[in-house]
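See structure below.
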Amino acid sequence: MEHIPKSFILNMTSEAKVRMIVQKIKALSEETTSDSPDISWFDAEFDPDDLGPRLPFSTYCITGTAGAGKSTSIAALHQNLNCLITGATVVAAQNLSKTLHSFCPTIYTAFGFKSRHINLLNRKPQIKLCGDSDITAVQYYELSKYWPVIKDIIGEFCKKKKFGLYASMSEEAYRVFGCLGSPQLWTTNIIIIDEAGTLSSHVLMAVVFLWWFFNGWLNTRQYLNGKIPCIVCVGSPTQTDAYHSQFDHSKQQQHVRECDNVLSLIIGNKTVSDYVKISENWALFINNKRCTDPEFGHMLKVLEYGLEISDDVMEYINRLVVPRSKIMDPMQYVGWTRLFLSHSEVKQYLGSLHSALSSNQSSTTCTLFTCPIVCEVFHDAVEEYKEAVNVPSLTPLEWLARNTYRLSNYSQFIDQDMTTVSTDVGEASTKVTYATKFVKGSYVSVNGKTKKCFMGFMGTYAQFKRVLDSESFLDTHGHEQPEHAYAFLCQLLYNSMYNFYQAAVQSDCASYISALNNIPIPEVLCAPAHSELACSEPLNEGEDLFYHKTLPPPTARSTSLANIIAIYQGLKDIFIARMEAATRYQMPNFGYSSFNTFLSNTIVKNNVDFVSAEPISGLLDYASTVESYMLQGYTFSPIYFGKLPLQSTLSKDLRDKLPNLVVRDADGFICCLDNNLTKMTENLESGAQIHMCSVGDYGISSKLAMTIAKAQGLSLDKVAVCFGNHQKIKRSHVYVALSRATDANNLVIDSNPLSNRECEMDICKSSKHIVAALCNPQTLLIY
C-alpha cells in the first residue's frame, strides 16, 4: 500500500458519498410543477420591476476546502446523468473539458451571452426587498439588475428559433434528440456550474429565467411535462469575491465593487435558502486532496471556516515566510510561479525579470525576445461616441489611455511588460504599436479559444518514440478526422529519417550506413518504379537509400484512411529499426540525444525566429486554456489556420506586423498559435453600439507570475506568494493563495498577513453558515 498516493485513497473513500450526490440530484431533477410560468408574460414591454410569475427551480450546492475534489466529483454526474456542465470562467470550463474529455462551455456561453453584452450597463432594481420578501420578489430583484442583457438574449433567441419548434415531438424522439449533440438548456434540466462562487448573484436567476423562457418558447417535452430546472452550484463561497464593474462614460472611469456571489445568495439569503431547502441539498467536501500534508490541510480548514487561528497554525504559516527580496529576485526560486494581489505588481516583477535576463543573454534556454501588440482607434467612432456621451474634448489617444485597462481585460495583456514604440495618426484611424517582452523557455497559458497549428516536434528520440508507442497523440487528436492526425505523424516520420543518415555520415561509420540501408522497406512505402525487383538497381552504398526507394506520404484527402494507417505503421517500424541501429553503432544512450523534425525544412534564427521553407499547413486544433505551453519563439512564415474570417477588424499593415507565437506542448510537439484579434464596442444607455477600437495581440498569460484571483482553481507545483505592502489584505486572499500549492515544501510567502488583527478577523459571512452546516446531520459531509 505504500506506493499508493494518499490523494488516491482519499478520493476512493469519498466514492460512496459521491454516489449519494448523484442520486439526490437525479431526484431533484425529476420534480415537477403544475404551475409552469406562461412565457407570454415576457413580451417586449415586460419589466421585471413589475414582477411576474414565479419561476420554480431547485438547487444543490457542492462546496468545500480548496483542492478537496469538488470539480472532479462532477465527473460522476457527467457519467450518470444527462446534464449541461459549465464553468463560471473560461479556465474553469477548460479544466472541466480536460477532465471529462468533453466540451464544456462557460455558463455565459450556455445561455447566449455575447461579447457585445460586456459593456451593457447593469441597472438598479426598483423592487424593495424586506425581511419577509418571498422568492418571487428575490427572483425579479436579481433579474432586474441584469435585464438589459437578458432582454437582448431572448430577442435574438426568438429570431433564430421558431415558436413551438418542438411541440409536436414525441417523448421518445425528444429523448433521442437530446442525446444527439451537446446538452443545451432546452435538452436537459440539470445545469452544473463549476466555480459558482465567482459569479455575481444575478447569474443564478438569469439561468433559471432563461431555462424557462427557452423551453417555453420551444414547447419542449420537459416544459410540457412540468419539469423544473435543477441548478448544481459547485465552488467555495469563501474564496475570491465576485465583482461588479461599471464604466462611467461621462468621467471615463471604471468603477469596481464587490457584490454577492451565487453561493452566498443560496447559502446566506434566508428566503432563497429556505426555498431550496439548502440544509437537505448541500454536500461539503472536507479534506484537501491537492496537498495531503495534515498540518497544511488543517490550516486551510481554519481559514475557510473562519475559526480562531491557534498558535500552532500561526507558527506553521510563519515557517513559510522568506524575505521579500528573495521572492522579488528573478534569480531566486527559478521555475516557481509568483502570485501577487495586483496586476501592477505582476507587471513590475515581469519587468525586473526581463531586465535580469537582458543583462545575461548568454543563456540559450531563457532568451528574451520582443513582439508587437497593435491597436487601432477609429476616428469616426470616437466622434460619434463624444457626441453621444457629451465629452467634446476627448481625443482618440486620450480615450485609448483611459480604456487600456478595459481593452486588456479581454485578452489579459494587462500583466505584460509593454512599451509604446510608435503612434501613427492617419485620416481614418490612430494606430499605436506596443512592444511586449517574452522569455523563451517560460510557460504560458492561453486565455481564450485560440487555434493552434502543429508544425513539428522538438525533444529527444526517446520522447518521440514514447509518443508513438503510447499512441497518446492519436488518442487526443484522432477522434473526428483521424486521417489528418495520421497524415501529420507520417510526414514527421518521413522527414525525420534524414536525422539518422546525417548522424551516420558525421560519425563516418560505414557499418552504421549499411545497417540503415539494409532495413527492409514495406511495399506500401515504395515508389512504383522501385517495387519488387525494380528496387534492385545499383546505388551508391554511402547514400541513404530510404529516400530513393520511397515516395513522400500522401495528404489526408488524397487517399483512404486504411492506406494512411498502413503507411504510418510502415514508417513507425522503420523509425524504430533505425533507432536500434543508432543505439548499436553509435552509443547506448542515443535515445536521449536531441531530436527535431518538422513538416518542411525549418531553421531557427537567433534561437527564436522560426523560418519555414514553405507555408505552414499542419494539423489544426484548439489550444487548451488549462494546459501549460513552453514559449519557443515566433514565426512570420504564412500559416493556414482554416477558414478565414469574412471581415477583419484590423488594418492589413497592422496585421502584417504581428508574428505568430511558437510554443511547445507537454509532449514535445511544436505549435503555432493564432493571433487574438479583439474589437471593443461601447454599449450606450440608448442601446447604440459603437465599434471604437480593434486590438491585435497573442491572447496568452505568463505562468511566471499572475494575480491571486486569476490563480483560483489552478494547482501549482511551486508557489512564491508576495502579499506586498497592501494596507488591507483579506483572509480569503491568503486562503486562495496558499491553497494553490500541491506540496507544502514548495510554498513560500513574503509575510504572514494573518498576524495583522484586521486580516485575522476578516471572516467571510458565509463561514458561519458553513460551520452550522457541519453541525447539521442533514448536510452530506465528504471526507
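Each residue, glycine too, has its Cβ placed from N, Cα and C.
Secondary structure at G69 (ATP binding site), taken from DSSP and collapsed to helix, strand or coil, is coil. The ATP binding site annotation in Swiss-Prot covers G64, T65, A66, G67, A68, G69, K70, S71, and the record cites sequence analysis as its basis.
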In chain order, residues whose C-beta lies under 8 angstroms from the C-beta of T65 (ATP binding site), counting only those at least six residues away in the same chain, are S236, F285, I286, N287, N288, G297, L300, K301, E304, S739
DSSP says G64 (ATP binding site), in three-state terms, is strand
For K70 (ATP binding site), the same-chain residues 6+ apart in sequence with C-beta under 8 angstroms from its C-beta are I62, T63, G64, D194, V234, G235, S236, F285
